[in-house]
Amino acid sequence: LKLQNQRASLNQQIIKEMRMRAGAENLLKATSNNKVKEMVLLELSYVNANLQLLMGQLEGLNSSVEVYQNSQETANIPLIALGLKETKEINFSTPFKDFILEHYSEDGNSFEDEIADLMDLRQACRTPSRSEAGVEMFAKYYGHLPLIETRFFSPNRQTGIFFTWYDSFTGVPVCQQNLSLEKASILFNMAALYSQIGTRCDRQTTAGLEEAISSFQKAAGVLNHLKETFTHTPSYDMSPAMLSMLIRMMLAQAQECLFEKIVLPGIANQFYSLMKMAQEAAKVNTGCTVSENYDQVHQSMIQTPIKDNVPFFWSTMSQVKTNHYRSLAHYFVASALLDHQLGPNDDEDKQEKTLSQVYDRLPEGRSPLDILKKKEERERIGKAHIRRAILGHEEALRIYGLCHHLNKLDILEEILKASHQRSLKKQSEHENEEQFADFTEAPDIISKTEHKAEMEVPATTKVKVTDFFQRLGPPSVFSAKQWWTPPRTIRLCPADRDLGFTLKGESPVQVVSLDPLCSAAADGLKEGDYIVAVGETDCKWLGVSDVMRLLKDIDGEGIDIQVVSVMESNPPMPTKSATFCGNLPKTYSMICLAYNDDDKNHKSRKVSKKSSFLSWGLKNKLKSASTLSLPTADHSGSQPWNKPCPTFPSSSSYNNNSVL
């Protein structure tokens, strides 16, 4: 919670400095006075310097992995957790009440409790508990958003509600009037919370490791769901490239926990066990193993423009783990070759098959059987592996010393040094001063694992919720897409038990086959009207049989019913989305892809393209008054104050009304 408060404070300071810079740039364009220009340029240099300092502090928060670690954990390499996206508080009360009155012709004040419950739920999502209860709360709010969108967000008008979310890495705010940004940000925070739960697990126990594995796999699954559902997001932390990198990182950490689970009981000092551990360790950093996964993560982090937004600590940590686990793999192979000779009772064919599966290729002129049978060859290859392990550990320690955030993690330094010393000890045990120096290069180790980390979509992403505003009626009918007349009271006086019309539909029921000469028609009943009440009974959720049951016992005096009619909607106006973003290489838009989950035939599955998330471009100079934007950097050199601060591009169109 303390970390989230610090993040919120930094976000507010960043937006304040951006407003200052936007005003200064506007003033610089407007003035022709050289003295004023000099003063503005000086002020811009101060503002850019402050922005750089604030960004450094935000990067420090994203590098504070020790905050999320288990306090009792002392023997594991720290894991990285995502920080939650910050948002501004929103007051739904007035806009929703007005909408209910104007659109549904009902008293908005009567829905005050429902609106308060919705606001309380959203407010609670800003400070969730780091547990399954917090994830369930996110899922509950996420489940309500489609219902809220159906009820209150009309294609013909804006509600006046602005959803503002801050980029998790840069602190740059993005503001939208539609709910797509809200949905995407909640999914991002759900994944971030899963990552924080994973880092807090006790990795000294099997149960804790299993929980960590599940948490990181769920985090990857939620991020992948976000990537596939919302594309081209205006917030860079949710862009496809960034999400792909985050998914790899979550799976790499899950694979690391799987490796720790395997070695938790201890590693048997046997040929086959050591070879198996070597391939598992290689897997951690390459994509399937621990070493492979972290190598892929690091390659993703150093690509432009991800490297400009990801904390340096993250990319450095991935490099350290890549070298560490790769060195472990070489150490295990060296131990298997140097400490275990092929004896008369050993299964020669099995060892040959095991060794051949470890290597992709062998040095020219050597075969697995030669290495196993010839003691000199076995020692030569084993020593080559131990040399490569030592070099990898030294590289990990060197990279560790380059990042001051990593230097705070004493446990990481202890693990790296202990692994290095262990490899040095193994080398000293098999040194022979009489032998000439051998520069045989150790072959690469093929990664292999029996337990591969995979994305897992948690069931909470599809949780069913009870509609806060169910009193308005079924959302399939009573939605923001249709305008409704105020309820009209019709007096039903059946003649010979004939009402003069029939009913159809599920709920609410609709009047059809109306006799224009019946008394109800004379009282104002129309073909296609929906019955919303019979007497004092609300009928919005009742079917035909239930409504007929209420109407069949009408006495001679009759009964009053209330009906509503669908009004002809106005032609849809183009929806403008208020957007405020910065440090982006281009204009982003969010597109929602919807598909039928029940369709098992993926080849024939149809994907429907929803409305664009943004409806503006950088070339559109006539932005709406509610649109705030930060364009990309100007590389023309016409604005000299931008050169010392490449991280923060020119923001002259941030707000045309801003002043210094």
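Glycine residues also receive a Cβ, built from the backbone N, Cα and C atoms like all the rest.
Range annotated as region 'Disordered' by TrEMBL, chosen from 341-372, 597-628, 629-660: 629-660. Residues in the domain 'PDZ' (489-553) partition by DSSP class (helix H, G, I; strand E, B; coil) as 12 helix, 19 strand, 34 coil.
Across the domain 'BRO1' (78-433), the prediction's mean pLDDT works out to 85.
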